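Undergrad: Below is a structure I'd like to ask you about.
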């Protein structure tokens, strides 16, 4: 249960910058947000219409694209409002609760999904002959459902711990969205125990997922090195490279913000931009520019659109 709080509205300070840069930053982040949404929608559309992409890898990629689209939507529109609207920095108490829950729900689900995707690549490369039976449609659905359920439970713990404390002022959040560390600084009670529980909770999830991903890729590399042809090795490495790039861009900023002692408001806000704004954009960029199958599907979809318009 959430405590009754005397604070009814929080005020987000936003990204630290000179006021003269408001319009420029608004334009930059608006373009990035539009590209993120359109890019991830395009991936969802391409995988949906092309039967050749109805495989476990692309099934998980659709989940990732869906998450990234909403992960960006949870924080960026509010940040854009704060840049151009005088009252855009205000956020009601319960809207802040909803934003924090949604942010950690989508973020932790993505963390679990990266782990599942690495396991999928491990099975595909290490057991190519048994892969289709090991990663059946039912198994894929169960793994995907498990990531969403785990993310929901993890976020519920974070949100409950954060907002079970009383908040009686001040109400100025040193961030551009509602997150646990800056919100806890405003609590009218001792937060040390809850901060430690949240630290351990995030630490166990993040380090556990990252360890499993590393173990999967160590096994993948060992399997790749046993492939006799250089072409086969190159293709296997290329398949995994995209996943590794996105994983590093997601985990490194998260570890910097949540799993280090102390907190620097200025630095945390800047680093948070990487995984809330830029990482969701990287998904469509990396998985289209580095993936031949997706590029072929995009060209095929383009030809179909052109052909339908010419008729």
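Any Cβ shown, glycine's included, is placed from N, Cα and C.
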Undergrad: Which range is it, out of 170-197, 198-225, that shows up in TrEMBL as transmembrane segment?
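TA: The listed stretch tagged transmembrane segment in TrEMBL is 198-225.
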Undergrad: So what pLDDT does the domain 'G-protein coupled receptors family 1 profile' (39-287) average out to?
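TA: Averaged over the domain 'G-protein coupled receptors family 1 profile' (39-287), the predicted model reaches a pLDDT of 86.
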